[in-house]
Every structure is written in C-alpha cells, then in structure tokens.
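This report concerns only the one structure given below.
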C-alpha cells in the first residue's frame, strides 16, 4: 500500500505538525523507559552480587572444600555472581546502544522537523501573500470600474445641460476609464500570478515538504523498531550465559553425595585409637584383710588415675604442643596433618627448584654474553636458594619419617607410624609436663645476619650467641636454640660452632 502525504494530506498542515510532535514525545518516552529498565537491571545486579558476597565464606575454611553440599552452595554463589555480571552487561548495553543513541537521534529529528515545518510555513505565507495581492488588485479594479461608470454618467448628464462643462466631465470620465483599465490589467496580472503560485504551492512545494516530513516520520518509527529489536537482542545475548549458570547450579545440586559426605565425617574425626577393652575387676576385699599403709593407698589412687587415662587417650590435651607440633593429635589425624605439611613443603621445593634452574640458566647466559650482565652477581641469590632448598628437603624427610611414609610416598604396611603415635600417646599417662628439649652439644656465634622465612628456620642477628643442639649432617644446616624457647635451623656457613669436648663427634637425630 502506497500513500503520499503531499497529495492526500495537502490541507492538513496543522494536524501533521501535531502528529509529528507527538511522535517525538513518544520517542523521548521510550528512551526514558529503556533508561529506567537499565537502572532496574543494574540495581538487580548489585543486589544479587551483594547477596552472593554476604553468604560467601568470609575466609577459607577446610570444611567448605570437603563436603559436597558446601561445594554445591559455593558453586551456586559463584554462578549468582556471574549472573550479576551478565545483568550489568545488559544494563550497559541498553544504555550505550539504545538510550544514548536515541537521545542523540531525538535531537537530530527535532532539528529536522523544525526545518521542514519552517519551509512549510514559508510556503504557506507566500501563497497567502499572493492571495492578498490578488484580493487587493481585485478590489482596486472594482473600485476604479465603479468610479469610471459614475464619471461617465456625470459626463452624459452635463452634455445635455451645459456644453461648456461637458468637456471637463468627458475628460474626467476618460481618466477614470483609463484608471479602470490599468486596474483591470493589474488584476489580471495578480490573478495569473496567484494561480501560478497556487499551482506551484499545491503541486510542487507542499508535496516535496510533506514527503520529507513523511520520510522523517517513517525513519523515526523505524528507529523505534530497531531500538526494540536491539533491546530484545541485548537480553537474548546474555540468555546463553544465564542458562549456562543455571546448568552449573543444577550440576552442583546433582553433585551432592550424602554418602560421600558422611564418609568425609569419618575421615575428619577418626582418631585411629582402638576402643577401650574390658575394665578389670579391682578386688578391694583383699585390701580389707591386710593393713593398708597411707603410701600404698595413695599408690593405688595414682594407679587408678593412670589407668583411667589410658582408657580415653583422645580426651587428653598436650599443653606443650604448639601450632607446628602434631603430637597432641590422634594417630589418624596426625598422619593427615603431617601429610598436608609434607605436600606444602614439596610445593615449596618445586618452586625453589624452578627458581634455581632459572638462576642457573641466567648465569649461563651471562657467562656466554658478559655484556648482558655479571654472572658473579647471581651467586649470593643462587646460594641462598640452594640453602633454602636443602632445608626444605631436610624438613620433608623429617616429615616422612614422622608419618611412617617411605621415600616413594607409600604408607608402611606394618603400621609402624601408628605404633609410634600410640607409643607417644602413652606419654599422656604421666603428669602434664613440658617435653624435655634436646640437650645442648655446644655453642655458636652468628657471623652474618640471616632472615629465616621458611618453616623450621631461625632468624639470626650478627654476633648473637646460641646453643647448638644438632650438628650439620652434610646438608649445610645446623640446628640451634635461643633462650630454651626458639629452636630451628640456620645455615652452617653463617655461624661459628664451638662443640663441647664430650659432644664432639656425636650425632643427634631428629
């Protein structure tokens, strides 16, 4: 269906002006709608992110990564955070692709509409001016004709009565007649001009101007269509990601395994101790038949206390066990704790090896290309890495001995580690006294300052005196003690050792 405003609406200038004004108002209203929609999406995204952050664990807890239901909830929170990102992206796209563009386009269409209707008003003013000119010439012609007719009548009457005045009247009538003829010519000219202007106005100017207004209106409607389509497309763009997030949430829920979680409870809390045996019968009647001394009575009470402690070793607490000591833990938990520590040490060993290899490669490059750097400048750092690597290896071997693991990482089949733990737990039968420290085998003086950054090392201050509790076993580290409290390994090259004569040649094992 084809239509042309210039031919079908040639006399509806005012209505077209009102309609196009309403169309621009609608454009602005739609822009405001999209802006408010984007604000809602942005607010929703912030609330979802805030909710996810609120229920996310404040700090990393071991339990959160152990149970499937905790992992599923954590996955849900992460996906909610991803959903908030998608909603923010949707809000940004609505603002940049639609609101900003519509705001700019609205200003353009307002300016274009103003130009078209200014042209229309000028054309209207021109045809109205031509019409006024026609009306003016027409009235003048009518007036001059009437005056010429009256002058002719006066002239005819005077000719009959007075021949002398008749000549003057005839001249006046002739002048009026000529004026009327001039007015007639003027009127004909104005009429022709108006007809020409009117034809041009309704068949040329108005169709062109109205066609431009019609094109402008169609472009405005098309722009609204594009904006609505872009709005839907912007939301459709995030739908796959949102759907993927929901799929992950579903998978996380499906991944919850109650039986595995209950098994994890066993892994977490299992002590490794055997259940207590039968309680032996204490024959107190025998003591009634003999004289009981105060000392034997007290001995029996202490024996009973020690016996009761043996029944429930898992309720004892070793007060001298610090964060780095696992002797207060039950056998199974101690093995797991030490195994975790060994894994961490192995990771540090791997990092130190990578750093050592990088330094060795750099030194090789410097040796081959001296202009790139001094190879000797890398020696202090390389030596420091080697010392740290040796210490980590010592700690790793010590941890394996304590857990009962062979060098290949397998657990001993004869459960020697468990027996070792049980033998250590028997120490709880005694009074709660601090563990006896290793005896000192000499003293040492620090030659250089040392910053102990790894677990098991001890920092040094130059000129400091410390006790030696274990000699260097060939790995470059010596075990020392400060003030009977702090104990750790220091580089042997950083100290001067003075062994006691009775301890020289003796080896102390960890």
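Cβ coordinates come from backbone N, Cα and C, glycine included.
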Annotated range (TrEMBL: coiled coil) out of 300-334, 335-369, 370-404, 405-439: 335-369
TrEMBL annotation (region 'Disordered') - matching range among 152-185, 186-219, 220-253, 254-287: 152-185
Helix, strand and coil totals (DSSP H, G, I; E, B; other) for the domain 'SH3' (439-500): 3 helix, 31 strand, 28 coil
